[in-house]
Structures are given as C-alpha cells and as structure tokens.
Amino acid sequence: MAHKPDPAGLKLRLIAAQRLRAVLGGDHFVPLDAADLPDGRDRALANRLINTALRRHGQIDVILAELLEKGLPSRSGSFEAVLRLSLAQLVFLPDLGAHSALFLAVEAIKRDNKARHLAGLMNAVLRKAQSNSARYGLMDESLVLPEPVRKRWSDLYGAEALSRFANALIEGAPLDLTLRDDDPGLVEALGAERLIADTVRLEQRDRPVDALPGYAEGRFWVQDAASALPARLLALPEAGAVLDLCAAPGGKTAQLTKAGHRVTALDNDPSRLARLRANMERLGYDPELVEADAANYAPLALFDAVLLDAPCSATGTFRRHPEVLWHRSAGDIAGRVRLQQALLANAFRCLKAGGTLIYCTCSLEPEEGELQVDWALDALPGLELFPIRPEELADLPEIVTPRGLVRTHPGITPGQGNAGMDGFFVARFRRTR
Ligand SMILES: C[S@@+](CC[C@H](N)C(=O)[O-])C[C@H]1O[C@@H](n2cnc3c(N)ncnc32)[C@H](O)[C@@H]1O
C-alpha cells in the first residue's frame, strides 16, 4: 500500500516540538540551524514558533491552567511541547492562521506513540483556546515573567522597570557589536546605530552574524552593550599585564587586547577556549591562552589587573535566553555564589599590590553582585573598594550606584531608542598590600 505523504508543515512542527521539549527538560535553547531543517523558510517558521513559546511561556502557563482542569497529563511524550507551540501560534502569532495550529498539532501527536491517545484532548483544548484567543491575547504582559521572579525584580528594580523587562522578554534583544577599529564605512554598511564607546547596534535580528559585512575580516565581535562595560574600567595608568579569568568566548579578552594590554586569557572549558582562540585569530589578536581552573590557578608572576567575569545564573541575559527564567532555582544561585567566592579569592591572589580587580556577572540577582562585594571586603583583607565614578561612564552615568558599583538591566537604554541592555553587575576593587 502506498504511504500517504505527511501534510505540509508537519515536519517542521515535529522538529520544533522536539527542540522545545528538550528545552522544557532543562537544555539551553539553541535555534534550529540548516543541519536541523535545510529549508530556510521552514527553519525561520520553526524558530519563530519555538521562540514565541519560550518568550510567552508564563502566559501560556496561565492559559494551560485554565484549559486543563487536571493539569498536563503525565508521561505524555511530546504532548506538552506540541500544545505550547500551537497555543503560541493561536494566541500570539495570529498572522499564521489558526487552522494549521489545530490540524497539525493533532497530526503531530498521532505520530508519537506516547501521546497519540491524547489526540482528542489536544483537539478539544485547542478549540477552546481558539474561541478564547482574543481574550488571551489581551493578557497582562508582566505574566510572561515567572511569579517569584516578578515579585523579586519588582522589589529590586521597581514596577516601571519590571514592565520594561516583560516587554524586553517578548521583543528579544537587538544585536550589539564591538568594533575593532573606528570605521564609519563599516557602521554604514552594517546599517548599525552607534550606541556607546565602540559598541554599535543592529535592530535587524534575523541575519546570521557570519553573513554580516566585515565578519570574516574580523572587523567586529558580538557583545551586548552591557557586557562591554567592565573592560573599560581597569583604570591602569598605562598598558599592563592583565589576567582575564573565565575568558571564553573572549569578548572582554578582545577589548583588553584592543586597549593595548598584555592579556592572559584563562578558561577551564577546552571547547570554549577553542572558540576563544578562533575568535582571536579572526580578529588578528594574540593573547596568551591558558586552560586551567580559575579557582586555583597560580601564575608565575602577579598581574597589574585581573578581570573576573564569573560564571553565574545569567538571569541578566533573559532577552536572548528566555529559558534561564524557568531553569534557575534558588539552589542553583547558591551554588554559583560559592563558586564566585572561590574565584574571587583566587583572583585576589593573582593580583599585585596596587593592582585593580574587576568582578562582574551577567546576573540580576544581588547575591551574585552587590552582596558578593560585601563578602569580598569582609573575607579578603588587603582588598578595598575602588569606586567607579559616573564621569568614567559619561555616556551612561545613571548606571553607577551611589556606592560606586555598576548595575545595568534591560529597562535602561544606552544611546537612542528604547531597546535596553542585558542585566549586568560590575564592582572594582584595589589590592592594597
Ligand atoms: C560568563 S562566561 C565568560 C564570558 C567572557 N568573559 C566574555 O566576555 O566573552 C563564563 C566562563 O567561565 C568559564 N568557567 C566556569 N568555571 C570556571 C572555572 N572554575 N575556571 C575557569 N573558567 C571557568 C566558563 O567556561 C565560561 O566560559
């Protein structure tokens, strides 16, 4: 008997559901590439569906709670992922039409042994969602953020910032690049806007970075505007020996090298260090590379400055990695806090008397930022705060706190426009003896 061909659009949904299911299970979201789905239009549509399901995860939770009185069925294969993708389409992507969301969702789970018995439920739930889709589409935007996060960040950053965070989660992040050389011709060719210092911004988000003019020639690297701040704050009187701890993929290594310092870039992950090496080769930079554990690395000679961009919960990057909002638990943060303290203690040991230590994280949690400053000042005698002055960041003085620390978040916009920046924390210390 001849095999009936799959309906158009089914394959991309099956692949999208597989990727979303992995992310729901704890994986980091990586967009589908040509190896996953060779057809560019299918790939763009599949990525749009996954992205919307992740960005609207909190609102989709509210919808699921209303539609599924008994909650999600357990051990039901791809049911949840397919349902979330279809709700994302029905409610938040009305331009794609409702018919395919319903029809293809049922077809998709009919192909899954673990879920095919739920085809009737899928159909009924999506029909109910369809008749309520206008109401769901008007749901409060702040519900995109998980409830505990909403409460914590509203207390810390205020209600107005929180509403911008929600908007930033829905909209995603623009693409920020740091330029190797000041090159007005390149800025124009990229169609970019100058932001602050040597950072430019591209609003258009769907072009692959390696297809941009100047990429292959190493004329820029990708780095969010907030992430480009710490390397500007070394305050050394002249070029010196600088240790970049936790350096891969090398955004800050490149900035420090560009500023003329002799840079040692250290990371403990060989595959990430290989990426750093490839990035430096593309840019024509030649820092010393070290594969080691930053918690116990013992250099032969001490450094004039150490920059520690510590591993953290990365909650400040939620515009580009929405899943961090759902994956991070209080326990994860506590584990990272302990690691950051071990790294801070060794960063201090690697530093000359009189040298500068920069500590930074891409986290919005005070435990990984402001509170680590208190810990370091208490636990590391000979370390003092070297406050950052607003004049040093004259293009964005409002991010310097009264204590001389830097705190950014997606509600603060560098330059013109309103597209915000990542959540970042920076503290600067000096070793006195
Ligand atoms: C936030 S990323 C660094 C980003 C980088 N500084 C940049 O600007 O491109 C954190 C890095 O810390 C590294 N890392 C985590 N634990 C480490 C350890 N114990 N020793 C050295 N590197 C570590 C990770 O492999 C990762 O590359």
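Cβ from N, Cα, C; glycine included.
All annotation found in TrEMBL is predicted automatically rather than curated by experts.
Here is what TrEMBL records for this protein:
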type     : residues                                                                       : note
ACT_SITE : CYS362                                                                         : active site, nucleophile
BINDING  : CYS246, ALA247, ALA248, PRO249, GLY250, GLY251, LYS252, ASP267, ASP293, ASP309 : S-adenosyl-L-methionine binding site
DOMAIN   : 137-432                                                                        : domain 'SAM-dependent MTase RsmB/NOP-type'
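Features recorded in TrEMBL, as mapped to the structure shown.
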residue	record	Cβ within 10 Å
CYS246	S-adenosyl-L-methionine binding site	23
ALA248	S-adenosyl-L-methionine binding site	24
GLY250	S-adenosyl-L-methionine binding site	28
LYS252	S-adenosyl-L-methionine binding site	26
ASP293	S-adenosyl-L-methionine binding site	12
CYS362	active site, nucleophile	25
Mapped DSSP class for LYS252 (S-adenosyl-L-methionine binding site), helix or strand or coil: helix
Integer Å distance between the CA atoms belonging to CYS362 (active site, nucleophile) and CYS246 (S-adenosyl-L-methionine binding site): 13
Span of the S-adenosyl-L-methionine site, taken as the largest CA to CA distance across CYS246, ALA247, ALA248, PRO249, GLY250, GLY251, LYS252, ASP267, ASP293, ASP309 (Å, rounded to a whole number): 19
